[in-house]
Structure formats: structure tokens, C-alpha cells
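Q: Mind having a look at this structure? Questions to follow.
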Amino acid sequence: MLGTGSTRSTGSGSSRSWGWRSRPSLLVTGRLYFPQLALRRRLGQLSCMSRPALKLRSWPLTILYYLLPFGALRPLSQVGWRPMSRVSLYKSVPTRLLSRACGRLNQVELPSWLRRPVYSLYIWTFGVNMTEAAVEDLQHYRNLSEFFRRKLKPQARPVCGLHSVISPSDGKILTFGQVKNSEVEQVKGVTYSLESFLGPRACTEDLPFPPASSCDSFRNQLVTREGNELYHCVIYLAPGDYHCFHSPTDWTVSHRRHFPGSLMSVNPGMARWIKELFCHNERVVLTGDWKHGFFSLTAVGATNVGSIRIHFDQDLHTNSPSYSKGSYNDLSFVTHANKEGIPMRKGEPLGEFNLGSTIVLIFEAPKDFNFRLKAGQKILFGEALGSL
């Protein structure tokens, strides 16, 4: 084996160094060396690539770095290569493209003989209760998309009339409580910025107070009545849950804001892992007023949930092939013909997901508002969230 500094003659009589350093690196054993100069040149080429191309070239090595035992690729760090973090690796996955592909697959009509086994497997995997479905016959659902958006029997979800705010959907309660310092809990111990999540206040909302620039004053913009507090509640919809969502109270929707974005998973484990996950993901923010002031409901998209539908908003189109990061588009429901907005009654159908996702409620209420919840509890649409 050639050692450090060894040379060889070329046809012209000149010699050149192999370019190996005096302190060779070991890959696995003491007998195998890295051609470090060649690797440095190769890695140097990567730095000249565009960011998408760089991520694409980094994927295979990064995945092997985390999967192979005994740090087999760790010596690569000595020649300037660094693996992407697990979070960066996950963020670089084309979740929007995959979600569109899954959406098209879900709309493919299944042959009659295949429907029962496919839906039965899904029911068994996610614990779906088909006795609540308006149509229990599995042959009725032509494709997976229809099965995901199945309707319930009217008596399956009675709407609680004793409490002012009900759950808009089936799901699991992740966090709830007062909003403090304009930070909202994503899961316990992980927060995100209220302004990043909702975006700046829209001019079309005719606010009776001037815009403010500080973080804490953004919360003050939302609280319109003296003595009130700002509250939040996060509900996670699992794949086996009922995928439609309803109005959580009597209120008027005056404005819609659509944030195109990523479609990363929003399950509680991922929410603990990625800070401000809800601010990265695509979401539709509905804002308006109820009897105590400001009220908002946000439908957050997730992997395989590229389609968020709002029943009264035909202009909304989610999971478009391209978008500008950080962009959003607004639509006001307050017009010359309709100066009130869209009135919604408690329990009235509001929209639907194509698969499980997350609903975030942020609203203003008096200080004596009480949640009737426990973190982590399972809740059904129509059950009480809280009241005065």
C-alpha cells in the first residue's frame, strides 16, 4: 500500500502527489484510507450548487449517516462534510408533492371487489367507528377520499347547548389556556409566535385601534374589550377521526387568510420536534367576532392533507404546485352588499380535511371563562370546550 507522500512517474517524466494528507483517515479499519483531496474537491463542488440540488445530493449520505452503525461515515467530517440535522432532513422532503400525489391516488375509483378489504384495513388500523357513519355500507364509498369525508348520523354528535364554546371536531386536546406574551403553546413546552401564526392584522378588518409593532402589543390588538383575556385551544385530528369541522360557537366570519406552506406531519411527536411547526405549514385562518369580541378558527394542513375546504369560500385553493415562502392571500367577507360577514351558528358545518390534521382556536373572552378540558383527552365534535 502506498504511504503518505509517495509519488509516481508520468509519461513525461514529471511526478505528482497523490494528494493524501500525512495523517490518513480511517473509514472502518486501520487499513482503509480516504483520498481526502478528491473528497474535498467533490464536496467543494457541492457548495457551488443551488440549495435544492445541494439538499438532493446530501440526502443519501445524510440518511446513511443516521442509519449505519458504529459511526461508519463519521470520518467524512474530517474532510469538510457535515450531515443535515434530522429536522432539516425532514423539512427537505417534498411533502407538498407527495400530498398531491396521495390526493390524486385517493380519488381513484376502487373496483367493487377491492373496496371492502381496503376500507376494512383502514378501519382496523385507525380504529374507525363505522356505526356512527351515515352510510355504513363500505361498497357505497367509491374511493378513499369519499371514505375519509364520510358524514355522520345526525344523532351521533349532539351539540351541547349549555356551554358557549364546543369542540369543532373530533380529536385530541393538545394544549389550551390563556395566551401570554403573544406566545401560543404548540404542545407542552413548545411555543410559537401568535403574529407569525395569524399574520399581521388586515386593513379590511376596520380595526378601531392603530397597528402596533411590538410583540406584546399584537396580543393587545386582538383583545378589543377591557377586562378580557385571549385564550387558545389546539385539537389534533388523527387519521381515524371524523374529518369535517363545524362552527364552535355563534359568531360572524369577516375575513379569511390563506398561508401556503409546507405540509409536514402535525402529530404530537412531530410538534415537539419542530418549533413553530404550525407556522411553517399551510393553513387557513378564519377571523371574526362573537359576543365577547375577537374569535378565530385556523385549519392547519399536514402531510397528505393538501386539501382544506371551507364550505362558503369557493375561491380557496390549497396545496398549489408553487408558492412564495412567507406569502399569504386575504379575502374579506365584508362587502357593500354584506356589511356583517358570514354568520355561523354553533354546530353548523364549516369545512373539511381530506385526512387528519389540526384545528387551532384563538379567541377573546372575559377573565372568568373556564375550559372544561384535560390535556391529552379525547373529545368529540359537539362536546363542551368551555363557558363563562
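Just so it is clear, glycine is given a Cβ too, placed from its N, Cα and C backbone atoms.
Those TrEMBL annotations? Automatic predictions, nothing curated.
Pulled the feature table from TrEMBL, pasting it below:
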ACT_SITE  Ser357  active site, schiff-base intermediate with substrate
MOD_RES   Ser357  pyruvic acid (Ser)
TOPO_DOM  1-53  topological domain 'Mitochondrial matrix'
TOPO_DOM  73-388  topological domain 'Mitochondrial intermembrane'
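Buried or exposed, and what's around them? Tell me for each listed feature.
A: Other C-beta atoms found within 10 angstroms of the C-beta of Ser357 (active site, schiff-base intermediate with substrate) number 30, with every protein chain shown included.
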Q: Across the topological domain 'Mitochondrial matrix' (1-53), what does the mean pLDDT come to, as a whole number?
A: 46
